[in-house]
Amino acid sequence: QKMAELLELRDKCGEGALGAPVLSGSCLADNRLNLDVYPDGCHQFLQLFEGRRGEVVQVEFLRLSSNDHLLGTTLGILPQLKHLKSLVLKGGHARDEFGSYQHGSLTNLPPDVGKLRHLTHLDLSFNSLSTFPSCILHLPSLRVLLVSHNSLVALPDDFGSLSKLTFFSAMKNQLKDLPQSIGELTELQDLDLSENALECIPEEVGNLHNCRELDLSGNHLSSIPDSLGNLKSLQQLHLHSNLLVTVPASLASLPNLSRLDLQNNCLRAIPPQIQTLPFVRLRGNPLGETEPSPQADESSARGLRRLFLASGEDSFTVTSEGCKVVLASGIHLYFPPGAVSDSLRIYFQTLAPDPQWVKLRHHDVLLSRVLELRPHGVKFQQEVQIWMPYASPQTLPQREVVVRTFSGQSWSDLRTGVERKRKSKKHVAHCSVLHFSWFLVVSRLVQNECEVPTEGTLLFSSVDPNIKVTFPPGVTEETRSVKLQVLPVSAEEIKEITADAESRASPLLCLSQDSLVDFLRPVRIQLPLPPGVTGLNLDRSRLHLLHGDLEGQTWDDITSQVVLEFTHLYAVFEVTHFSWYWLWYSTKSYIGGIAKKLYERLRLYQVNFIALQRKKDPEQVLLQCVPKHKVEPVLRKLQARYRGPEPSDLVEMFEGEQFFAAFERGISIDMDRPDCVDGRLSFIFYSHLKNMKEIYVTSPVDRKGQAVKGQVSFYRGAVPESIPEDASRRRKGPDSLWLATLPIKLPRLKPRWGENPGLLNGFSFPPLNLGNAESGYLTQANLLSIARRVGADWQNIGLNLGLTYQQLERIGYNNREDLDKQILDMLFSWAQQNSEDPDCVSKLVTAMKESGRQDIAEEVEAILELGRQKYRESIRRLGLEQESSTEDSAIAM
């Protein structure tokens, strides 16, 4: 079987509750060493080799991280492990500050590695290989080879000498062609060459008579050989995201083919035999589309190639002819003809905003997730246009929407256009760039700017034309850029803070510049007098000019430090450096403290927390933090599927503030979830994004006899800097960070599949372990749990899993009038067909997302992450703890 050695490794181990392998004893005792989970795994290996060499040379299964700085020293020892069957030297165990995987340092292998006569499995993924290590060709027993995510430009001419190879993956490299000898790999069952730069495929590929899955997607292929019609064992053929203009009709006669993906090509002539196949996918081609395509636009009218990328795809190819790309998230990219001179592979991903590196300025509002486009270092020959959908902000004259980009050091705003799509009604931000990086959409205070030359100039506010800044001649020696922003403040907000109906204030004025040097001559600023105050009734003793630092942390009264001049409507003063300026009219003596409170209040949002349970599955709980003006429409939208208590009382939060949800009083969650910190779910509040999570809860209490009445409480992550004192006083409870508590009730537990044999009615399923150590495992118990959450949409899920219409019809007929059995039969039929596919678990997650079951997809991902963590913990606890307890304490997991 494919991946036999890895399965053997797994089968020799026990199973945890969720399918995570648990080693039965010492690593060395079982002839295996799994050291890739350690940040200093190579150091551990060298120590073991030095102290227990006789045992180490008997190791059959070895895993090391190629991100380890001692990898070079370790490689020299590997040829001495004569019994080695499985060797994994993968990178990707470290991440950069933005969460991207870092490739390993491996660039070659020692020649003597070719003497490992028993090696059957070799994984060199996520490394820095630019040439194929020649020693690999001398491994006579090799059956599984992975070199994906490297920089290989070619395979050796005698690659076909690996005659026992059954699985080969070279995805995400830079291969431009293939050797003819590849046709000699007659035992090959799975071949993945996706996301390379292949321009042609040799006819000899048609000799791979045992090949079951062939992935050539994401290349530069304009045609494929007719010999592919000879692959009688082929079940899945992936050709999407190429440059194909036609495909051979012989593909329609392949007897076992159940999936043919031709999306996002240049097909203008499609053989009718292929077009009528029920499992073919043709979307994103100029002609012969079998799925509805979006309304044609100017680019398609000019014949420009259009690509429609499905959920789960993360790359595409751009040629010198240009193209327009539509991502599954609704983001549009336009590459004009000539933007690139040679074909270029573009990678993309959308990321959840992390406050650690997405630094919002005061009064900014985040309107989108983060879009990353790669490669970062490439300069396009013409500007590439980006359209990013964003959450509609409240329309105010003092705010504007911009696209913000990250250079690797700091964020900057791009020239942005906004529009609203007529049909979808979605708001879209548009910008043009010559480089790819990270992008997001924010709403900021309207920014007026100008260049100040030595001759001087005049700058007005477009929000309040009564505000102007005059730069006299000689104000600067070199031209500098100046920016102006204005924040109006209502009389009601001032009255609420000061409790004084007579207190008033002008709009807030923020001035900034791109120079650290003060101006050579005073700059003249004109501000309107506070509402209701004129030069005729002005009491100068009540007028205060406040100066705030750029962070708004301190507000100083500088009235006595400047010369204030007054007209009937304005106050005029001069300064030499820029910051916040605020004109107040009040009888209060300490106006600086009041201004600070009001300034902080302007940054706060009033929100409610909601906790709802699915009517059909009360164990599925939806948690959300909603601004108060959105609570009613959100509840109306959810009331058909959910029920729960009334929303919490109002709470005040800052944009980008962290908070946690903790289930209490007999209700618990999976503590090993990636977003779980000290038993609490972590959230980040963004006023215009969905601060929502839907999770499954359990209870350690026996629910067979009674319901469980528990609760969920919300807590701040930390006390934000300079939080308003009155907001702090309103916090209740023994925990000073407590925000709100809502009740959760779990009903009496009904019998589950497996607990009541009558529900399965004779169903018998063999033990299953789907996946691999990298992606995580799913067991029979996990599938039964997933089946409980599937409903009448099981057929749609089955189609996205790759089951045929005929299979689903047979399942439906054999289990008619019993939905539970239909779901079980569908899931386990798929599982048994794909038990040898190392990517089957990720395909299950993708299928759930494509079926609109994000809740199940997230639950599966949480199970997998828990399994991986338990696996790593078991290795740490049992694999090396015997060696030295002091060493264990120094290892950072």
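For all residues, glycine too, the Cβ spot is worked out from N, Cα and C.
Note: TrEMBL annotation is automatic and uncurated.
Per TrEMBL, the feature domain 'ZU5' maps to 312-445, 446-587. The feature active site is assigned by TrEMBL to His435, Ser437, His577, Ser579. Residues annotated as domain 'Death' in TrEMBL: 779-864.
Sequence features annotated in TrEMBL and their locations in the structure.
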residue: His435; record: active site; Cβ neighbours (10 Å): 14
residue: Ser437; record: active site; Cβ neighbours (10 Å): 17
residue: His577; record: active site; Cβ neighbours (10 Å): 12
residue: Ser579; record: active site; Cβ neighbours (10 Å): 16
*asked:* Measuring Cα to Cα, how many Å separate Ser579 (active site) from Ser437 (active site)?
replied: 30
*Helix-strand-coil residue split for the domain 'ZU5' (446-587), DSSP-based*: 14 helix, 59 strand, 69 coil
*Could you measure between His577 (active site) and His435 (active site) for me? Cα positions, answer in whole angstrom.*
34
*Take every residue in the domain 'ZU5' (312-445), average their pLDDT values, and give the whole-number result.*
88
